[in-house]
Amino acid sequence: MNMDVFCYFVVIFTLTNIGDVIAETKNTTFCNSLLREYNDTDTINDVVDVGITLTEALLLVICFGVFTFILAKTYNLLRVKVFMDKDNLDTDFDAGGEVSVGLTATTIVSQWTWAATLLQSSTVAAKYGISGPFWYASGATIQIILFAMLSIQLKIRSPGAKTFLQVIQARFGKKVHVVFCFFALMTNVIVTAMLMLGAAAVMTTLVENLSLELAAMIIVAVVGGYTFIGGLGATFYVSYFNTTLIFIIILIFVMKIYNEPDVEDNPLGTPDKVYNLLNCAIGPEDNKDNSYLTFLSRGGLMFGVINVVGNFGTVFVDQSYWQSSVAAKPRQGVWGFITGGLTWFAIPFTFATTMGLAYVALSTANGEELLTEREINEGLVPPTVAYTLMGKVGAILMTLMILMAVTSTGSAEVIAVASILVYDLYQIHWRPYRAVDDTRSCLLCGKHRDRADNIDNQCECYSMSQCKRCWIDDSDRASSKAAVLPTFKCPMHGPYRTYLEVLIGKKNWCIFWVAILIIPLTLLLQAAQVSLGWVYLFMGVVIGSSVVPIALTVFWTRLNGKAAVIGTVGGTLCGLTAWLVTASTFDGGLRSGVFLANTGQELSMLNGNIVAILTGAILTVAVSLATNHHMTDEQKEEEWEKTRDIDNPLLPWADRYASEIGHHDSTRLSNRPELKLVEKTFKVAKIAAIVSAVLLTVILIIIWPASMIAVNVMNATEFNIWVGVSQGWAWIGAVFIISVPIITEVYTIVKQVIRNRDNQDGEQKLNKDRCLSQYTQTNQACMYDNEEINKTAF
Ligand SMILES: [Zn+2]
Ligand SMILES: [Zn+2]
């Protein structure tokens, strides 16, 4: 058995030819009579003319739009009437950093559910059999689970950071920052490209007479509208709705394919029927016994490796996941990522085990493939199964599902690009608020914070949450009906708040243009004949190299900027070289007619991906060790002080997490808890994150698949168990993701309502009201309890 496993891994790197998918069937008496039966009853519908009309499609989109709008309004109403924090600037960007476990999990599930999650996972099921869905699911779940470690580490070492690029800038300076901005933007472009390729292929297939241009425009309109209506806050609510609907539709398909025995016109309906057809189908050549029912699939395993590498890139380098981490409370973030990852597992695993295998079964029953190989690579397996089995209803369900998957991820990507353009490029490089090079000095007053050598030149700024002048500004602006709102008059925070308003304006324009630019991108890719499957396998070659440098940015003190850049750029170059060299060994080499086919071969992609991530890691570590010989304790400490300097001067992180960390007098910008105290506070959460992430990763990509090798080719009972596991997982995931967020959210709202009624919300509100009424009577700001603050403010 050990030897078997070994040979199996060796074989991957030596064989070069990939078996094609052919709907041939095994020539046994049982299979012959089974297929004759299917041919006689002719249960497979003629599939062409059950499409959705254009009017119906538009109606569907409009209904979805209206519903989203209502959800967003509800959210805003809750913020204004119940939580009364609409004016807090931070809510716009990260929902105040107070998002609960359930909602964090929901956001992650919906962001991580790409069009590819549904389409590509079914493609690999159709190509490699039962191992495809598993590899897709496990190879993309572990990154989310491992991200829990990064999430808590970020909260410890850089609690004020909003993007991972800020951390890179604080540690390594502006030049390194630009390099990583480039990689981050590239990741967003690749992910967006995949969304559009998948969604456009499905929409143009299912909707009659829908041109690619119109499909792209419809999708962009939905994504853009959703982003504008939402802002990040409402996105949490809409994500919840999306995820719920996706799970419900998956379960409908599961019921149809595996749990509908004794229905006349359903050719499938029980695991046994599916099993018999799969067992009669002749699978890819390099699968054990040419069977779809085995884990011993060379293609499947190769895909598994590529999938693991590629998805590390799209999680770790994609700003939108860091965004979810920033938005969550520190401890909640950890469990949000872990439960989110485990819930998400069910989406590709169950969906592809259902739809992808149903496709193989239907093709077998049909006597010939329902799709060409190119159509399979475009992601058309699930829609084909949906309308073959369920006609128009199936087509509508599939369209809805794809719309759900595209809108939340698409909007997260658009926001991520806009944030990088505005908060990283514009704010840091082009038009900074204050041109300071060291992160130590206060952004508001330019003086030193903390660690100051000169006491006279110490910053005395404090959090906006305590600033009475800002309350007056807010109330003036809230009551103003003028087209141009009154200017901010607070001498301490006013100018910076004005600057932020400019940034928000820029960001809105960025969102608009980025969304529009998606249309030409889609048309360009389509003209280049690139398929979803190709881009999916390719992503790791380009961005894989930056994964390790980025992870080490929050973990390793000795990492330096030079090493990070050499690792990232060098890794990508090596990856591209390995990819092209492997592709050139196939028939026709890199000539234009066969370029996409040869570079798209699993082996080319596998080599490119592995070389990219490994050289990225090796170069980064080696250069760091070689150039950063010795660091004194002070230097080590200073390295993380730099990242702790990153802060929002209006609401410093020390103030935001004051109750969690147990730190007093945290409203002053110059006073923040020591790193040791923060570390101690989150020590348990950090250990829990590391232990569960590593453990689950080992189970998902080593123990489970290794034990499947022992199963060899599945028999009917084993297949029943396998399908049972996939269904059970989907049911548990659905119950969790549908019930937990709504329960915690309702609980929080009820608690807040009770608190509002009892007016226990504390002195602050009381003070605020008193202060404001005094101001209206005397037209003079109220006196402060604190002399010193008074001096600074006026
Ligand atoms: Zn200051
Ligand atoms: Zn102020």
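A Cβ is built for glycine as well, from the same backbone N, Cα and C atoms used for every other residue.
Here's what TrEMBL has on this protein:
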type: SIGNAL; residues: 1-23; note: signal peptide
type: TRANSMEM; residues: 47-72; note: transmembrane segment
type: TRANSMEM; residues: 93-114; note: transmembrane segment
type: TRANSMEM; residues: 134-156; note: transmembrane segment
type: TRANSMEM; residues: 176-202; note: transmembrane segment
type: TRANSMEM; residues: 240-258; note: transmembrane segment
type: TRANSMEM; residues: 334-362; note: transmembrane segment
type: TRANSMEM; residues: 395-423; note: transmembrane segment
type: TRANSMEM; residues: 509-528; note: transmembrane segment
type: TRANSMEM; residues: 534-556; note: transmembrane segment
type: TRANSMEM; residues: 606-626; note: transmembrane segment
type: TRANSMEM; residues: 687-709; note: transmembrane segment
type: TRANSMEM; residues: 729-750; note: transmembrane segment
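Counting Cβ pairs closer than 8 Å and at least 6 residues apart in sequence, the transmembrane segment (395-423) and the transmembrane segment (509-528) reach three or more and so form a contact. Within the chain, the transmembrane segment (729-750) has long-range Cβ neighbours (under 8 A, six or more residues past its boundaries) at 78, 82, 100-103, 105-106, 109, 240, 243-244, 247-248, 250-251, 254, 339, 342-347, 349-350.
If you look at the transmembrane segment (176-202), the same-chain residues 6 or more away from its ends with a CB under 8 A from one of its CBs are 114-116, 118-120, 164-165, 168-169, 212, 215-216, 219, 313-314, 317-320, 378-380, 383, 398-399, 402-403, 405-406, 409-410, 413-414, 416-417, 420, 424-425, 428-429, 518, 521-522, 525-526, 530-532, 535-536, 538-539, 542-543, 546, 550, 561, 564-565, 568-569. The stretches the transmembrane segment (334-362) and the transmembrane segment (509-528) do not meet in space: the count of Cβ pairs below 8 angstroms, excluding pairs fewer than 6 apart in sequence, stays at fewer than three.
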